[in-house]
Amino acid sequence: MKMGFLFLFCYLLAFLGYSPVDAAVKKYQFDVQVKNISRICNAKPIVTVNGMFPGPTVYAREGDRVIINVTNHVQYNMSIHWHGLKQYRNGWADGPAYITQCPIQTGQSYLYDFNVTGQRGTLWWHAHILWLRATVYGAIVILPAPGKPYPFPQPYQESNIILGEWWNKDVETAVNQANQLGAPPPMSDAHTINGKPGPLFPCSEKHTFVIEAEAGKTYLLRIINAALNDELFFGIAGHNMTVVEIDAVYTKPFTTKAILLGPGQTTNVLVKTDRSPNRYFMAASPFMDAPVSVDNKTVTAILQYKGVPNTVLPILPKLPLPNDTSFALDYNGKLKSLNTPNFPALVPLKVDRRLFYTIGLGINACPTCVNGTNLAASINNITFIMPKTALLKAHYSNISGVFRTDFPDRPPKAFNYTGVPLTANLGTSTGTRLSRVKFNTTIELVLQDTNLLTVESHPFHLHGYNFFVVGTGVGNFDPKKDPAKFNLVDPPERNTVGVPTGGWAAIRFRADNPGVWFMHCHLEVHTMWGLKMAFVVENGETPELSVLPPPKDYPSC
């Protein structure tokens, strides 16, 4: 589908009432409803927002108040997470089911009411219950406040590029069947760009996303990895990309032929249409440098110069190989914060509390499973059990018996985390255990991958905060040597960090946002297996530094 993106973008801004003097409240209605969709020769009903796949883009400006009424018309419980929005003191609007809210039940509505404070750039929203985010997701575009230009050349046009996955089967049915077996769910059947798999898949010529471009212009692409289980390379045939933002934080610009995004991450790039007029494939394919199966198929969209006929065959880009670890490490090493007077990198230099979390897979007994066991995942050997009452409500109202606050700062036993694969004694502890944090504590957290069953990369997302990725490495983290190599000047600031396969990532943040904040692997299969936990950040000393009261329409469990 071809679109005049500049016209559409300007139309949306006008429709939403943007102007330099009048940009305060943006209101949206999200109707969660079923719609029949056909992809790669298969038709099925899917859960959507407003009948759109992907769902509608939320546009706002830095400083706006956003009010989104979500009405659930489907058989499943629903909740929506606004991925990357900090929700200061307002976890009630964060969205993860049974963490900050009870889900929205069939026939009910919930008003997500939040402020966009101190943030601008590309984020996204998605369902945060079951595997419904397979089809329930969309972009969030936060424009700079009036009078604050981009810290890079003004683009001629902007376009959203949302990378996703498609299953021919009903996803929830497939997941339930896998859980009964105690096995992983099936891989997706295709990747998508803006819901379309592109012409390399059968029955997909008309399901191809197209950008019609003018020669000699600069385009801003807002790229989002909304896939459930795949890290993805992205590139454009014949064109370089200049990275200018990650996870809605400006970066020092650098040019590359391909980018890498883990699930949950966003990247903004500038693309100059300075090649000979032609049709060029934009493509995405998986990165996997561990012995784990992935949907190793390439999704394509088209960058088409104006005046070039549709009969011209597009040119394919040369993306990195699926196991190109060196590219991944080199690419991530180039990501750095701007750290300018207007956009400082406020890295905590003094650390109040150091945490060391091991990430691993396991096998637990499962009497109801066909094989008698099921796969599990854990942090510090604890597999998280979802509560039946929202954790934030239990914390706010002092409801006992819902969770414990004794999540350990370190694993129960030290071992050679990334040595030979460990395949015995793989049982994990289970529980709803949280880590209690005093307000304004500065935290350094090292996330260490382990070779329990297998090593694997893990995109970890922290709700309620951005953090600085001060260091990464391959192998076991060395607390005596590795901190000396930390970047404390201009490290990348993110909300989702990729922990390297068989390696570690160190992050720092200041716990100045009171509430209950979820942290989990953004590979949906690992989250389902329990690779998650939460922080309970205590209130500050004044009401202005404390959790706001819950809204009147707060859902009940």
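Every residue gets a Cβ built from N, Cα and C, even glycine.
Keep in mind that what you see is a predicted model, and the values were worked out from it rather than measured.
The signal peptide annotation in Swiss-Prot covers 1-23.
Within the domain 'Plastocyanin-like 1' (31-147), the DSSP-based counts of helix, strand and coil residues read 6 helix, 59 strand, 52 coil. Positions annotated as domain 'Plastocyanin-like 1' by Swiss-Prot: 31-147.
Among the features that Swiss-Prot reports, N-linked glycosylation site is placed at N36 (among others), with the record citing sequence analysis.
Residues or ranges marked as N-linked glycosylation site by Swiss-Prot on the basis of sequence analysis: N69 (among others). Sequence-distant neighbours of N69 (N-linked glycosylation site): residues of the same chain at least 6 apart with a C-beta under 8 Å from its C-beta are K27, Y28, Q29, F30, S109, Y110, L111, Y112.
The C-beta environment of N77 (N-linked glycosylation site), restricted to residues of the same chain at least 6 apart in sequence and closer than 8 Å, consists of A97, P103, I104, Q105, T106, I129. What Swiss-Prot lists as N-linked glycosylation site is N77 (among others), and the listing cites sequence analysis.
Summarising the annotation, Swiss-Prot assigns Cu cation 1 binding site to H81, H461.
Taking Cβ-Cβ distances under 8 Å and a sequence separation of 6 or more, the neighbours of H126 (Cu cation 2 binding site) in its chain are I80, H81, H83, R133, V136, Y137, G138, A226. According to Swiss-Prot, the Cu cation 2 binding site annotation covers H83, H126, H522, on the basis of similarity to another entry.
Listed in sequence order, the residues of the same chain lying 6 or more apart from N115 (N-linked glycosylation site) and placing their CB within less than 8 Å of its CB are G63, D64, R65, V66, Y88, N90. The N-linked glycosylation site annotation in Swiss-Prot covers N115 (among others).
According to Swiss-Prot, the feature domain 'Plastocyanin-like 2' maps to 158-308. Looking just at the domain 'Plastocyanin-like 2' (158-308), the mean pLDDT is 97.
Here Swiss-Prot flags N240 (among others) as N-linked glycosylation site, drawing on sequence analysis. According to its DSSP assignment, N240 (N-linked glycosylation site) is coil.
Contacts of N296 (N-linked glycosylation site) defined by a Cβ separation under 8 A and a same-chain sequence distance of 6+ are given as S285, P286, M288, P322, in order along the sequence. Positions annotated as N-linked glycosylation site by Swiss-Prot: N296 (among others).
Annotation comment: Swiss-Prot describes N323 (among others) as N-linked glycosylation site. Sequence-distant neighbours of N323 (N-linked glycosylation site) (same chain, 6+ residues apart, CB-CB distance under 8 A): F287, M288, D289. Reduced to three states, the DSSP call for N323 (N-linked glycosylation site) is coil.
N371 (N-linked glycosylation site) falls outside any helix or strand according to DSSP and counts as coil. The N-linked glycosylation site feature in Swiss-Prot is assigned to N371 (among others); the stated evidence is sequence analysis.
What Swiss-Prot lists as N-linked glycosylation site is N381 (among others), and the listing cites sequence analysis. Other C-beta atoms found within 10 angstroms of the C-beta of N381 (N-linked glycosylation site) number 19, with every protein chain shown included.
The N-linked glycosylation site annotation in Swiss-Prot covers N398 (among others). Close to N398 (N-linked glycosylation site) in the fold, though at least 6 residues off in sequence, lies no residue with a CB less than 8 Å from its CB.
Summarising the annotation, Swiss-Prot assigns domain 'Plastocyanin-like 3' to 406-541.
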So around the Cu cation 4 site, H458, C521, H526 aside, which residues have their CB within 8 A of the centroid of those CB atoms?
I359, A377, E456, P459, F460, V499, H520, H522, L523, T527, L531
H458 (Cu cation 4 binding site) sits from N416 (N-linked glycosylation site) (Cα to Cα, rounded, in Å) at a distance of 19
Could you tally the C-beta atoms, other than its own, that fall within 10 angstroms of the C-beta of H461 (Cu cation 1 binding site)?
23
State the Cα to Cα distance, in Å, between H522 (Cu cation 2 binding site) and H461 (Cu cation 1 binding site), rounded to an integer.
6
Hey, of H458, H461, C521, H526, which of those binding-site residues are within 10 Å of N381 (N-linked glycosylation site), Cα to Cα?
none
Cβ neighbours of H526 (Cu cation 4 binding site) where a neighbour is any other Cβ within 10 Å
23
Taking each of N36, N240, N371, N440 in turn, which of these glycosylation sites have a Cα lying within 10 angstroms of the Cα of C521 (Cu cation 4 binding site)?
none
Could you tell me which of these glycosylation sites, N371, N440, has the greatest number of Cβ atoms within 10 Å of its own Cβ?
N440
